[in-house]
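Swiss-Prot lists 1-37 with the feature topological domain 'Cytoplasmic', giving sequence analysis as the kind of evidence. The transmembrane segment annotation in Swiss-Prot covers 38-58. If you look up Swiss-Prot, you'll see 59-291 marked as topological domain 'Extracellular'. Among the features that Swiss-Prot reports, N-linked glycosylation site is placed at Asn110, with the record citing sequence analysis. Look at Swiss-Prot and you will find Cys265-Cys290, Cys267-Cys283 tagged as disulfide bond.
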Amino acid sequence: MVREQYTTVTEGTHIERPENQHIYKIGIYGWRKRCLYLFVLLLLAILVVNLALTIWILKVMWFSPIGMGHLHVTADGLRLEGESEFLFPLYAKEIRSRVDSSLLLQSTQNVTVSARNSEGEVTGRVKVGAQMVEVQSQHFQINSEDGKPLFSAEEQDVVVGTGRLRVTGPEGALFEHSVETPLVRADPFQDLRLESPTRSLSMDAPRGVHVKANAGKLEALSQMDIILQSSEGVLVLDAETVGLTKLKQGTQGPAGSSNGFYEICACPDGKLYLSMAGEVTTCEEHSHVCL
């Protein structure tokens with residue numbers, strides 16, 4: 001340990017220093033100096049490598065003041081040019097294409113669009129797969145260009161808002177339950193057929209059922225009976241000719257015996273009634289029905 005001596009010197013006084021004065025050099029020498037230089041050189045190399053990697057990443061990713069590559073940052077949001085591939089789910093408030101091009105969503109498996117509430121629960125989902133298109137929602141609706149509902153579906157009912165529902169399949173339309181509609185008709189020059197292969201077919205209307213064929217015939221076929229019944233009104237057959245074909249021809253019985261047979265009589269207004277059969281007509285005797 002070195003002890004330093006301090007001497008007070010006045011002006012004009014000369015003091016000689018001792019010859020054995022010790023001189024100390026301040027600094028880093030030897031292997032410590034070489035290690036420090038090596039460490040600084042290593043830091044400089046790392047800095048150069050980092051700068052080169054940063055420049056390479058900026059060049060590869062196409063970073064620019066307005067965005068990254070085809071992805072541009074605008075005041076309205078993000079604008080993406082060209083085709084892009086998303087490896088993970090995409091969350092966005094609005095997705096739209098340019099004015100002069102269409103929006104294309106494509107996937108090798110399926111495309112799923114989901115809507116969630118504030119709690120994260122799915123409230124609506126559209127899934128486009130290879131075999132089918134699945135829509136999961138409480139209410140599904142398709143509108144026209146002017147906002148008019150064309151088709152809507154709920155758990156209770158399905159509504160078709162077009163002026164006409166057309167089924168072009170060769171087997172027609174199959175309904176497992178009842179159908180409510182104001183009009184059922186076929187295309188021009190085509191047949192209309194209502195069929196129930198294994199059950200009955202019923203048509204009900206509170207104000208009447210109107211069946212009309214403008215350019216053809218109306219045919220009703222049944223393996224059993226065809227019953228035309230009116231509880232309060234009359235059954236009217238309005239035609240120039242009314243024909244009953246394939247009627248059985250009766251055989252002649254004993255004279256003076258009707259055997260419970262009746263003849264059909266007609267009033268001037270077309271009303272039909274029965275009269276006891278006899279050797280001659282008895283319609284005039286029972287014509288008071290026409291009054």
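Counting begins at 1 with the first residue displayed.
The backbone N, Cα and C atoms fix where each Cβ goes, glycine too.
Everything Swiss-Prot records as a feature, shown here on the structure.
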{"residue": "Asn110", "record": "N-linked glycosylation site", "DSSP class": "coil"}
{"residue": "Cys265", "record": "disulfide bond", "DSSP class": "strand"}
{"residue": "Cys283", "record": "disulfide bond", "DSSP class": "coil"}
{"residue": "Cys290", "record": "disulfide bond", "DSSP class": "helix"}
Per-residue pLDDT averaged over the topological domain 'Extracellular' (59-291) comes to what? 81
Going by C-alpha distance, which of the recorded positions Asn110, Cys267, Cys283 is nearest to Cys290 (disulfide bond)? Cys267
By a simple count, how many Cβ atoms lie within 10 Å of the Cβ of Cys283 (disulfide bond), its own Cβ left out? 17
Rounded Cα-Cα span from Cys265 (disulfide bond) to the residue listed as 'N-linked glycosylation site', Å: 74
For each of Cys265, Cys267, Cys290, count the other CB atoms within 10 A of its CB; which of these disulfide-bonded residues has the top count? Cys265
